[in-house]
Each structure stands twice: as C-alpha cells, then as structure tokens.
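Note sheet for the following structure.
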Amino acid sequence: QLQNKILILTICAAGIGGTFQYGYNISIINAPASYIQMFMNTTWLERVGVPLESNVILLLWSFTVSAYPLGGLTGAVVAGPMAIVLGRKMSLLLNNVFVIIAATLSGSSRMAKSFEMIMLSRFFTGVNAGVSMNIQPMYLAESAPKKLRGAVALTSASFTALGLVLGQVVGLRELLGGEESWPFLLASNVVPALIQLTALPWFPESPRYLLIDRGDKESCISALQKLRGTSDLSAELEEMLAEQAAVKGQKAKNPWELFQNPALRWQLVSIVVLSSAMQLCGNDSMYFYAAYVFREAGIPEDTIPYVVIGTGSCELITSVTCNMIIDYAGRRPLLLGGYIFMAGWAIVFMVALSQQTQISWMPYLSMACIFAYILSFGIGPAGVTGVLPTEIFDQMSRPAAYMICGSLLWFNLFLVGTAFPFIVKSLAHFCYIPFLVVCVCTALYVWFFLPETKGKSFLEISEEFRKRNFKTKTRAGFYKGPEEIKTTTL
C-alpha cells in the first residue's frame with residue numbers, strides 16, 4: 001500500500017504544477033476582464049492625455065487573451081527537446097520558472113502602470129502550460145504500471161478540470177475577483193508552482209526514461225522499487241529491456257522525421273485527428289455561451305458566476321469518473337461515446353437556441369445542453385486524447401509526437417478563440433454546425449481506424465500499428481483467430 005501512496009503522491013506533485021496550471025490560468029482571466037480593460041484605458045490616459053477608443057481597448061484585450069495560446073504553442077515546441085535533454089521530472093521542475101516570471105510581471109503591473117506586463121505575463125503562463133500539457137502525461141504514463149497506465153495518465157485531465165474550477169472560485173468577487181485585488185488574482189498561479197518545487201524533487205524520475213534514453217539500469221531499478229515496492233519487478237523490467245533492444249542505436253526523433261516515416265503513418269494520423277478535434281469540438285465555446293444562456297433562463301446577474309462554477313465542476317466530475325473506468329472500459333468506447341453524445345447535444349442546443357424567445361422553457365433546455373455537452377466531453381475526449389501519444393508511440397518518437405499534439409492543440413485553441421465570435425455573427429443560432437461536423441467525423445475515424453490499447457504493452461501496441469501501416473505485406477498473417485479480432489475491433 002505504501003507504494004500505491006508513492007504513486008499517488010507522484011501524480012499529485014506532478015499535477016499541481018502541471019496541467020492544473022493550464023485550467024487555472026484559462027479561468028482566472030475571465031473575472032477581472034472589465035477591470036483590466038479599465039486599467040488599460042486609465043494607464044493610456046495618464047501616459048498621453050487621451051483615452052483609448054473602445055475598439056482599441058477590445059483589440060488590446062484580444063492581444064492579452066491571445067498571448068496565452070501563443071505562449072502555449074511555444075511551450076509545446078520546446079517541451080520535446082526539454083523532455084529528451086533534461087528528463088521528464090527535471091523539465092517539470094524547471095518549467096515553474098516561467099510561472100514565477102509571469103506572476104512577478106502580472107502582480108506588479110498595476111504598481112508599474114504597465115498593461116504590457118500583463119500581456120507578457122500571459123505569454124509566459126502559456127509557455128508553462130504548453131510544456132506541462134506535453135510532459136506531465138508522458139512522465140506519469142511512463143511511471144505507471146501497465147494495468148493502471150490509462151488511469152494514471154488521465155489524471156492530467158482531472159488536474160486541468162480542478163484548475164478550471166478553482167480558478168472560477170478564486171475569481172469570485174468575494175475572494176480575488178474584485179477591482180482592488182485583480183493583480184493578486186493573476187499572480188496567484190505562483191502558489192501551485194511553489195508547491196511543485198517543494199514536493200516533486202522527492203519523487204523518482206520516469207523509469208523508462210532512465211533505462212531507454214539514459215541507459216542507466218541501476219537508477220531505473222531504484223525508481224521502479226520506489227514506485228512499485230518489493231513486488232516482483234522482473235516482468236516489467238524484461239518488457240522495458242525488450243523495448244530498449246527494439247530502439248537500440250536509434251536517437252530521439254524530430255517531429256518532421258515522424259512525418260517521413262511510413263511505419264508511423266496511422267499513429268500520426270490518429271494523434272493529428274484527435275488533438276485537433278479536442279479543441280475544434282466546441283467544448284471551450286460552451287463556456288463562452290454559458291453566461292448568456294443562464295441570463296436568458298432568468299438566473300439573476302449576480303448569481304451567474306456561481307452557476308458557471310457548476311459547468312467547471314461538471315468537467316471535473318466526469319474526468320474523475322473517466323479515471324476510474326478507463327482501464328475497464330477501454331479508450332475507444334470512451335472517445336466514441338463522448339463524440340457521439342456531443343454531436344447529439346449540439347443538435348439539441350442549436351434547436352433550443354433558435355426557439356429561445358418563442359418557448360418559455362427553452363432556456364432551461366439550453367442550460368441542460370451546456371451541462372450535458374461538457375459532461376460528454378469530460379467522459380472521453382478530454383482525457384483519453386492526452387493518454388494516446390504515450391501509448392501508440394515508442395520511447396524515441398514520444399517527445400516529438402507530444403510536440404505535434406501540443407502544437408495542434410494550442411494552434412486550434414487560438415483558431416477557435418479568434419473565429420468563434422465571427423461564427424456566431426454569421427451563423428447565429430446555428431453556430432454549432434462546424435462543431436457538429438467535427439464531432440461526427442472524429443467519431444467515424446475512431447470507429448473505423450483506432451485500435452484499442454487497453455492493457456497492452458507498448459511493444460504490443462507498436463506491433464498492432466505496424467500491421468496497419470504495412471497491411472499489404474502482412475495480410476497473410478493478419479488474422480490470428482477470434483481473440484485478435486475481438487481486441488483489435490477491426
């Protein structure tokens with residue numbers, strides 16, 4: 001039981017300064033939006049004696065918001081080399097430097113009368129999130145035993161949702177969301193960073209990284225003993241040694257090398273489709289709509305922030321539920337179910353929005369749709385997408401795969417954030433049609449092309465994809481009887 005505790009504490013130490021920051025920093029910027037815009041105006045007035053026009057304020061605000069995904073994209077690109085050169089654990093520790101810089105900038109921005117410092121701080125916050133979104137699931141999945149690998153890697157999604165909810169709570173007017181305290185709200189992300197810097201050094205590095213990348217068998221055994229205890233390690237060590245032999249003589253790959261390698265064709269297509277769909281499915285846009293729909297449903301203006309916390313809590317509840325069932329249900333059913341339900345709710349949501357003013361109970365149906373959509377996203381796509389690159393790529397391709405994944409994730413977040421107001425303007429109540437198409441297409445891809453990875457070793461998964469990538473060459477020996485047909489769901 002002690003070893004289970006060590007694994008749980010490792011997950012918490014990695015998560016609190018890792019993907020927790022992604023969710024937390026997405027939600028803390030919403031509460032002080034109007035105060036920061038006022039601060040931009042008064043600062044400019046003091047500098048040049050002329051107030052800013054409203055469209056210029058809006059432009060400066062959109063730059064501030066966009067700095068976060070831009071930083072995230074930068075973080076995703078540097079995460080791969082960091083994971084290879086510094087190791088998984090050291091990268092997570094060093095990553096906190098970006099948050100400390102960001103907190104210093106945003107915390108002192110009002111004192112320095114500089115709104116540019118807020119923009120810069122959002123960029124550094126984004127870099128931190130970009131690095132942790134890539135390295136944390138990699139670190140945890142490589143440290144977990146095979147039978148718990150999905151659940152352990154999926155905690156990254158639970159920490160994102162926890163960050164989202166805590167950010168919404170801390171951003172309430174009664175806490176740090178008031179006019180006087182917003183610089184402290186933006187700087188509060190330094191607290192999780194300091195917790196991680198204190199806790200994570202006590203826990204081991206990824207055993208797989210130590211053995212396969214560093215060739216350090218002694219440190220690998222020591223890390224495994226810390227994580228697993230005195231239980232028999234021979235089977236797990238044997239599997240790692242087999243993987244080490246399989247990649248012997250290879251060096252860590254660059255992202256462009258993955259695109260050139262025919263042996264990685266289907267793995268690459270899978271992560272490109274799923275990483276893009278995660279942002280293009282419209283889940284984040286549901287938060288954009290939440291306040292409007294709640295207002296239409298007759299919820300008093302001053303209680304809306306509390307109801308919005310309910311939307312974040314939905315994602316937290318489902319990601320924790322998904323954690324418990326992923327290693328029983330498997331990856332495919334959760335992804336498939338999530339996207340099918342989201343497609344269904346998108347249709348109901350558009351109908352409800354179009355009838356919002358005609359039928360008195362429609363706003364309540366819209367409210368139900370928002371919660372149902374977020375629940376559907378949380379049960380599958382939110383977490384499983386981050387687990388897959390670890391499972392379907394080998395040790396040498398994994399950091400590059402996460403760089404591609406992360407870059408797509410942040411680029412699409414930026415794209416949806418920029419395009420969504422225009423989509424709403426042009427399509428009005430039917431603004432969810434593009435998201436509906438994405439959900440349907442992704443569900444079809446998962447159904448036809450994605451194999452199940454539950455309970456399989458990394459080598460078994462690689463072999464399964466090898467058969468898909470070179471189907472014609474291995475067609476004769478492809479079917480091995482009912483057992484294989486059942487598990488590969490072809």
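Using N, Cα and C of the backbone, Cβ positions are placed for all residues, glycine too.
Counting only same-chain residues 6+ beyond the ends of the transmembrane segment (6-24), those with a CB under 8 A from a CB of the stretch are 92, 95-96, 99, 125, 128-129, 132-133, 135-137, 139-140, 143-144, 148, 152, 155-167, 189, 192-193, 195-197, 199-200, 202-204, 226-227, 229. Residues or ranges marked as transmembrane segment by TrEMBL: 6-24 (among others).
Residues or ranges marked as domain 'Major facilitator superfamily (MFS) profile' by TrEMBL: 11-454. Mean model confidence of the domain 'Major facilitator superfamily (MFS) profile' (11-454) amounts to 88 (pLDDT, 0 to 100 scale).
Look at TrEMBL and you will find 67-86 (among others) tagged as transmembrane segment.
Sequence-remote contacts of a segment are chain residues at least 6 beyond its ends whose Cβ falls under 8 Å from one of its Cβ atoms, and for the transmembrane segment (93-112) they are 17, 21, 39, 75, 82, 86, 118, 120-125, 127-128, 131-132, 135, 183-184, 186-190, 192-194, 196-197, 200-201. Marked as transmembrane segment by TrEMBL: 93-112 (among others).
Listed by sequence, the residues of this chain that lie at least six past the ends of the transmembrane segment (118-139) yet keep a Cβ under 8 A from its Cβ atoms are 14-15, 17-19, 21-22, 25, 29, 36, 63-65, 67-80, 82-83, 88-89, 91-92, 95-96, 98-99, 101-106, 109, 153, 156, 159, 186, 189, 193, 206, 386-387, 389-390, 398-399, 402-403, 405-406, 409-410. Summarising the annotation, TrEMBL assigns transmembrane segment to 118-139 (among others).
According to TrEMBL, the feature transmembrane segment maps to 151-170 (among others). Taking Cβ pairs closer than 8 Å, the transmembrane segment (151-170) reaches residues 7, 11, 15-16, 18-28, 30, 133, 136-137, 140-141, 143-144, 176-177, 185, 188, 192, 305, 308-309, 312-313, 315-316, 318-320, 322-324, 326-327, 378, 382-384, 386-387, 390 in its own chain, all 6 or more past its ends.
For 182-203 (among others), the entry in TrEMBL reads transmembrane segment.
Residues annotated as transmembrane segment in TrEMBL: 334-353 (among others). Counting same-chain residues at least six beyond the ends of the transmembrane segment (334-353), those with a Cβ under 8 angstroms from any Cβ of the stretch are 274, 277, 281-283, 322, 325-326, 362-363, 365-366, 369-370, 372-373, 376-377, 379-385, 429-433, 435-436, 439-440, 442-443, 446-447, 450.
The feature transmembrane segment is assigned by TrEMBL to 365-388 (among others).
The transmembrane segment annotation in TrEMBL covers 400-424 (among others). Beyond the transmembrane segment (400-424), the same-chain residues lying 6 or more positions past its ends with a Cβ under 8 Å from any Cβ of the stretch are 62, 65-66, 69-70, 72-73, 75-77, 79-80, 83, 126, 130, 133-135, 137-138, 252-255, 257-258, 267-268, 271-272, 275-276, 278-280, 282, 284-285, 288, 386, 389, 392-393, 431, 434.
Residues of the same chain lying 6 or more positions beyond the ends of the transmembrane segment (430-450) and with a Cβ under 8 Å from any Cβ of it are 266, 269-270, 273-274, 277, 280-282, 285, 331-332, 335-336, 339-340, 342-343, 346-347, 349-350, 354, 381, 420, 423-424. Taken from TrEMBL, the feature transmembrane segment applies to 430-450 (among others).
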Legend entry - Intrachain residues whose Cβ lies under 8 Å of the transmembrane segment (365-388), provided they are six or more past its termini: 133, 137, 141, 149-150, 153-154, 156-158, 160-161, 270-271, 274-275, 277-278, 281-283, 286, 289-290, 293-294, 296-297, 310-311, 314-319, 321-323, 326, 331, 334-339, 341-342, 345-346, 348-349, 352-353, 356, 405, 442, 453
Legend entry - Contact set, same chain, for the transmembrane segment (182-203): CB under 8 Å, 6 or more residues outside the stretch: 6, 9-10, 12-14, 16-18, 20-21, 24-25, 28-29, 31-32, 35-36, 89, 92-93, 96, 99-100, 102-104, 106-111, 118, 121, 125, 128, 163, 170-171, 176, 226
